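Colleague: What follows is a structure written as structure tokens; I'll ask about it next.
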């Protein structure tokens with residue numbers, strides 16, 4: 001016994017943790033310092049600091065803990081080759097923005113070719129948002145019940161199938177139904193963010209999710225360039241078919257895509273989760289934490305009532321309004337931009353509306369090369385929005401980033417009351433779109449972080465559904481109300497964003513520097529404690 005105690009005294013113990021914030025919640029108030037009190041044994045722990053993104057040294061890979069959670073493993077393995085591959089594959093699914101951008105190109109073409117009245121052209125756009133709104137919650141529920149990979153794969157294949165099929169639509173009623181079904185599939189694509197976020201270490205999560213949004217902007221730019229080449233020669237049918245190419249590529253790469261280890265642990269499949277984590281560690285060339293993978297199994301997943309527990313009730317309601325305001329303002333600005341550019345400024349828009357009323361509703365105007373150029377320049381404003389959000393989101397936090405985005409958009413909307421020239425108008429619209437798109441991106445970072453694994457996909461799905469409600473309502477403001485009063489229209493958008501800024505500030509939880517919850521209980525991950533070799537003191 002005395003000999004064992006003597007040997008124990010000779011083992012120097014060190015503790016290490018990454019520099020920066022702990023993966024625990026700041027709200028928990030639990031110190032990451034762990035000390036073992038043994039009588040007669042030196043208990044001081046020597047800290048070993050690791051730089052941001054640095055892999056845990058092999059000799060420190062959690063040898064003193066006999067258990068670890070998925071959060072610990074993801075943090076220990078770090079960001080590497082696996083996450084780079086996952087970024088590209090997830091981005092291909094996110095490039096479905098092409099299916100959204102095609103609406104602004106397809107509508108005037110069918111208006112001319114099939115001699116459709118204006119209300120039928122508008123219905124062609126609305127039916128896509130109806131499909132997205134009706135399916136977002138369903139896809140979230142499927143992803144929580146049957147897995148993130150399953151829900152994402154089915155929704156992408158659904159969108160691909162009906163997207164290609166709509167290129168063969170013989171009459172208006174067919175394309176109306178088929179585009180609605182495309183919208184139904186697009187409602188599940190945001191689940192790619194859920195899957196992606198669950199494989200990212202805390203330090204890289206915000207930046208990576210924001211960079212994934214770049215694929216949305218790239219998709220819209222690629223769609224405009226594709227239309228410039230395809231529309232004059234092959235026509236709109238080939239444009240619909242070729243626009244499905246990114247989703248076709250994603251479908252082929254789905255076999256490589258792993259299921260979320262967090263979901264596997266929650267569904268009781270510990271062995272599969274461990275195999276996934278080992279695969280990531282191997283690809284990244286990083287060690288796995290030693291010990292046994294643990295986690296709480298939860299059979300009751302993806303239930304709406306879980307979004308309204310006392311801990312999440314206010315978060316859910318405020319997020320619904322924030323997502324509604326984001327889509328309401330974003331798509332409203334897209335519609336207003338065309339009207340304001342064609343009128344020249346706000347002061348000239350009323351007289352222009354009178355001229356438009358005198359025209360027949362069947363007046364046909366094909367998109368010109370200049371129109372495509374304007375579409376391209378408007379779309380490019382998404383990129384500054386990504387860069388600004390990327391720069392501030394880890395500095396001031398998620399809540400303040402969303403609030404700032406809404407405030408800047410509201411301020412720019414009020415400045416449009418002035419009779420400014422074309423150049424100033426372009427600058428104001430560019431800034432407004434950059435910040436409202438940045439606010440949208442910040443919401444995509446915050447929402448998966450704030451909900452636990454058991455309801456993460458459902459929470460994101462319901463928020464996405466509320467965003468589609470905003471997208472459905474906004475044409476009645478940006479087009480119908482605009483005919484009565486342009487100033488009242490701008491006031492509605494400005495007021496809505498001011499309220500959304502307040503809602504962002506009142507969110508009860510800040511997720512900056514916090515690990516992902518595995519269940520409804522506060523399980524934020526652990527500080528890793530290890531033992532290393534150095535000269536005994």
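Heads up, the Cβ atoms here are built off N, Cα and C, so glycines get one too.
Below are the features I grabbed from TrEMBL:
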{"type": "DOMAIN", "residues": "85-512", "note": "domain 'Major facilitator superfamily (MFS) profile'"}
{"type": "TRANSMEM", "residues": "86-107", "note": "transmembrane segment"}
{"type": "TRANSMEM", "residues": "119-142", "note": "transmembrane segment"}
{"type": "TRANSMEM", "residues": "154-175", "note": "transmembrane segment"}
{"type": "TRANSMEM", "residues": "209-230", "note": "transmembrane segment"}
{"type": "TRANSMEM", "residues": "236-257", "note": "transmembrane segment"}
{"type": "TRANSMEM", "residues": "311-331", "note": "transmembrane segment"}
{"type": "TRANSMEM", "residues": "401-418", "note": "transmembrane segment"}
{"type": "TRANSMEM", "residues": "424-446", "note": "transmembrane segment"}
{"type": "TRANSMEM", "residues": "458-478", "note": "transmembrane segment"}
{"type": "TRANSMEM", "residues": "490-509", "note": "transmembrane segment"}
{"type": "REGION", "residues": "518-537", "note": "region 'Disordered'"}
Colleague: The transmembrane segment (154-175) vs the transmembrane segment (119-142): three or more C-beta pairs under 8 Å (separation of 6 or more)?
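Modeller: Checked: the transmembrane segment (154-175) vs the transmembrane segment (119-142), in contact.
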Colleague: By Cβ distance under 8 Å, which residues at least 6 away from the ends of the transmembrane segment (490-509) in the same chain are close to it?
Modeller: 27, 314-315, 318-319, 321-322, 325-326, 328-329, 332-333, 346, 399-400, 402-404, 406-407, 409-410, 413-414, 416-417, 436, 439, 446, 450, 477, 481
Colleague: Among the recorded stretches 86-107, 119-142, 236-257, 401-418, 458-478, which has the greatest number of Cβ pairs closer than 8 Å to the transmembrane segment (311-331)?
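Modeller: The stretch with the most close Cβ contacts to the transmembrane segment (311-331) is 458-478.
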Colleague: State the residues, same chain only, that lie 6 or more residues beyond the ends of the transmembrane segment (119-142) and have a CB under 8 A from a CB inside it; answer 'none' if no residue qualifies.
Modeller: 100, 103, 106-108, 110-111, 150-151, 154-155, 172, 175-176, 179-188, 190-191, 302, 304, 457-462, 464-465, 468-469, 471-472, 475, 479
